[in-house]
C-alpha cells in the first residue's frame, strides 16, 4: 500500500511531541500537524514547564513513573547538548515545602530527579511557616522556545504544518488513514469527552534574575520557577472555569503569595500575565479507537487529558501514542494485503 497518511490534531507540547515520535517510530509514513493555534498561542505556551509530576488517580503509578522517566531522560540529554539554549531546557535546583509532613515523604518519582533528599533544618529556616521539605534538581522547559524547537525538528523531518480548525475527526477520513487526537481541552467538544474539564491556570512572569532556585508549596498552589530569562510565579487551579482573561485580583494574590515565600520578589518587575486551560481528567486518555460510519472506518489514536502534568510526561505518552499508531499501520497493511488476495 502507499505510505500511510497520519494527521495529528493539536500543536501543543503533546501534539508536536507525538508527531515527532511517530516520525521516529514509523519512518515510512507521511505526517501532518493540524491545529487552529500554533506557538505562541497554545495552552502549552502558558505552562511553566517544570518536570515535577502531577498524579493521575486513574492511571497506575508504574505507568506514570515510566512516562516521567522517559521524558526526563529525553530532556536531560537535550540539556547536555549544544541545543540546550535554543530548546529552552535547563536544570534547576530548589525546594518543595510542606506545612505538614506528607504521608509519603518520598514521592514515586524521587529516584528519577537528581539528588532528591529531605531538607535540612538549616534550609527550612528560610521557610518558617513550613515544617518539612524536599530538595532536588529537576529540569525546566521554557515552553515557547521548546515548542519552536520541536516545530523545527518536525519541519526538518518533512512534517507538514497546517493552520486548520478541525471540528469533527470524520472530516479527515478522506485525506488521512489515521488520525491522532492531541487536542487538549479542545477534545471536550471535538470528541464530546464529558470527563475532560478545564482547570484554569493564571501565572505572572517577572524579571528577577537573582532568583536561581525553584520553590514549590507542596500542594502545588504557589510556586516560583526560574527560567532562562524570566521567573514564573503561580498559580491557580480553578475547576471548570473557561475564562482566558487575566484577573488583576488574582495577579495580586499570586504575587503576594510568592513574596511570602521569597521576600526578595518585592523588587521584581512584572513582565506578563498569562492564562491557560489545563485539559484535566482522572487519567490521560491514551488508546486506539475505530470510528465507523456506514461501511467506512477511521482509525484514531487519542493522547490528551494531561492536566497540570503535561510537560512532566509528554515524551513518555508521545512514545506510547506512536506505538499505537504503529499498530494501526500494521492493521491497515494487513487488511490491504488481504484485499489483494
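Numbering starts at 1 and runs along the chain as displayed.
Each Cβ is built from the backbone N, Cα and C atoms, and glycine gets one as well.
Annotation source TrEMBL lists signal peptide at 1-19. Annotation comment: TrEMBL describes 5-324 as domain 'FAD dependent oxidoreductase'. Per TrEMBL, FAD binding site is recorded for 43, 44, 166. Annotation comment: TrEMBL describes 223, 278 as D-dopa binding site.
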For this session: Measure from the Cβ of residue 278 (D-dopa binding site) and count the other Cβ atoms within 10 Å, all protein chains considered.
Result: 24
Exercise. Non-local Cβ contacts of residue 44 (FAD binding site) (under 8 Å, 6 or more apart, same chain)?
Worked result: 12, 13, 14, 143, 147, 276, 310, 311
Problem set entry | Which of 43, 166, 223, the listed binding-site residues, has fewest other Cβ atoms within 10 Å | 166
For this session: Provide, as an integer number of angstrom, the distance between the C-alpha atoms of residue 166 (FAD binding site) and residue 223 (D-dopa binding site).
Result: 35
For this session: Can you tell me how spread out the FAD site is, meaning the largest CA to CA distance among 43, 44, 166, in Å?
Result: 19
Problem set entry | Reported mean pLDDT - the domain 'FAD dependent oxidoreductase' (5-324) | 96
